[in-house]
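What follows is one structure encoded as structure tokens, with my remarks underneath.
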Amino acid sequence: MPRGLELLIAQTILQGFDAQYGRFLEVTSGAQQRFEQADWHAVQQAMKNRIHLYDHHVGLVVEQLRCITNGQSTDAAFLLRVKEHYTRLLPDYPRFEIAESFFNSVYCRLFDHRSLTPERLFIFSSQPERRFRTIPRPLAKDFHPDHGWESLLMRVISDLPLRLRWQNKSRDIHYIVRHLTETLGTDNLAESHLQVANELFYRNKAAWLVGKLITPSGTLPFLLPIHQTDDGELFIDTCLTTTAEASIVFGFARSYFMVYAPLPAALVEWLREILPGKTTAELYMAIGCQKHAKTESYREYLVYLQGCNEQFIEAPGIRGMVMLVFTLPGFDRVFKVIKDKFAPQKEMSAAHVRACYQLVKEHDRVGRMADTQEFENFVLEKRHISPALMALLLQEAAEKITDLGEQIVIRHLYIERRMVPLNIWLEQVEGQQLRDAIEEYGNAIRQLAAANIFPGDMLFKNFGVTRHGRVVFYDYDEICYMTEVNFRDIPPPRYPEDELASEPWYSVSPGDVFPEEFRHWLCADPRIGPLFEEMHADLFRADYWRALQNRIRDGHVEDVYAYRRRQRFSVRYGEMLF
């Protein structure tokens with residue numbers, strides 16, 4: 001290769017990233033208009049489009065580089081010089097951390113995820129100690145209650161860029177002040193003030209005002225979800241001021257926010273104070289930088305691995321028929337490998353399973369489906385793998401494993417947040433905890449269905465319980481759109497003998513689902529059955545599911561809240577708003 005080509009390649013990659021992030025910001029900047037126009041289908045499409053942008057631009061850069069190099073292979077020394085030139089371009093670059101991830105993605109695409117070493121990639125950042133210079137435009141604005149909290153909140157709301165009319169601004173402010181007074185007390189509230197992010201955070205059918213409530217005893221989250229009535233008037237649905245509530249809003253089972261962030265690292269640092277339980281990876285994920293979140297997640301995994309002497313083991317729970325799942329006992333992630341052969345009742349291919357996981361990545365997860373990160377050629381040290389797990393890997397996924405002596409390479413896997421399997425949780429809890437879990441499970445099914453997702457396999461083992469007690473679906477191999485399912489009532493038996501026969505007395509076609517059958521395996525436990533019948537008996541009726549299908553086909557997009565219904569102002573303090 002001619003000398004000097006290394007710099008051209010480095011510049012081409014960085015220019016490609018500039019183009020990608022420019023389009024990312026362009027799509028994001030349309031969130032306000034989509035919200036104001038209540039164009040919820042455009043909201044969903046924009047979310048998918050933004051996710052696709054990254055891989056699209058990586059592909060464009062790869063094609064450019066193949067043209068520049070005439071498709072010739074490049075030796076290790078050449079690639080090292082490219083990385084050195086790229087690193088020199090980054091010290092004054094405002095989004096250096098994501099630019100490093102983009103470089104990694106281009107390299108992996110060029111070399112088919114092979115030779116992934118710290119020398120060739122930004123496994124760790126080239127600027128780990130970098131601090132932010134003066135930000136041209138502050139991320140947030142401070143508001144002090146010099147003339148009382150009603151006046152402060154009126155200024156905050158009047159400062160918003162939204163151009164729609166408010167249904168009842170004074171009422172909403174009254175509700176917020178009442179909530180803050182109940183939370184902090186009058187004296188503490190008088191000594192507190194707000195810091196509010198300049199940009200709204202858009203997701204689904206809400207625009208979120210995100211701020212910090214700075215009190216004498218510490219800083220709390222201050223989150224206001226802004227919704228629209230059917231008449232297109234704005235109202236504030238609740239006020240959230242605990243770290244647990246904020247953590248759920250920014251949770252790993254929700255779609256990414258659309259928030260205009262030219263300096264994403266600065267926004268992540270600003271958010272960290274009100275989301276102390278979130279890792280750097282989770283914060284980048286929440287604002288839509290999912291590919292860099294993958295980089296940060298891998299770094300967190302490496303740091304954990306370096307500091308522990310644990311071995312990977314099979315994950316607790318009932319062994320899956322499609323996925324082999326393993327974990328490190330002290331690490332909050334699971335690693336999922338598609339098996340070489342599935343159980344006989346699973347009539348599907350590995351390609352189908354991967355397509356299901358991609359569907360979940362792009363769809364509105366409504367807080368009920370765990371996000372995943374996909375890896376290729378994932379290297380594990382054999383010394384970190386328990387003998388039992390190694391035997392299981394070779395038995396169930398040998399076609400995806402390459403033995404390198406002291407290491408193995410797994411050709412493809414997913415990493416996902418670890419949860420307590422719901423079936424195990426239900427065995428361990430009683431009383432109100434059991435009731436809450438069954439209520440959560442039913443709510444998860446309803447919210448998934450409202451978002452046009454049918455889980456397929458609804459067994460408790462396919463759901464997990466988060467640290468906040470939320471029930472989340474995580475087994476996607478049978479997932480499909482609600483509109484693809486034919487929900488049927490079981491026809492009455494023709495003769496008494498029909499009910500005793502080993503085969504059904506009615507025809508069953510692909511795509512047929514009989515909700516009455518759910519009762520057999522959801523209500524078998526005598527502790528659970530009565531609770532389920534009390535709270536979710538309608539899930540056993542085909543007409544319930546068909547009514548949901550009709551709403552989806554009519555173009556209706558349901559409201560899904562990142563908080564309990566009882567937290568809504570309309571429920572806590574007043575009559576229903578509409």
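The backbone N, Cα and C atoms fix where each Cβ goes, and this holds for glycine too.
In Swiss-Prot this protein carries:
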- Asp371: active site (ACT_SITE)
- Ala315, Pro316, Gly317, Ile318, Arg319, Gly320, Met321, Lys336: ATP binding site (BINDING)
Whole-number answer please: how many Å between the C-alpha atoms of Lys336 (ATP binding site) and Asp371 (active site)?
13
Hey, what's the Cβ neighbour count for Asp371 (active site) at 10 Å?
23
If you count the other Cβ atoms within 10 Å of each Cβ, which of the binding-site residues Ala315, Ile318, Met321 comes out on top?
Ala315
Annotated ATP contacts Ala315, Pro316, Gly317, Ile318, Arg319, Gly320, Met321, Lys336, maximal Cα-Cα distance (Å, integer):
14
If I take the alpha carbons of Gly317 (ATP binding site) and the residue listed as 'active site', what is the distance between them in whole Å?
20
Using Cβ atoms only, which residues of the same chain lie under 8 Å from Pro316 (ATP binding site) while being at least 6 residues apart in sequence?
Pro421, Ile424
Indicate whether Gly320 (ATP binding site) is helix, strand or coil by DSSP.
coil
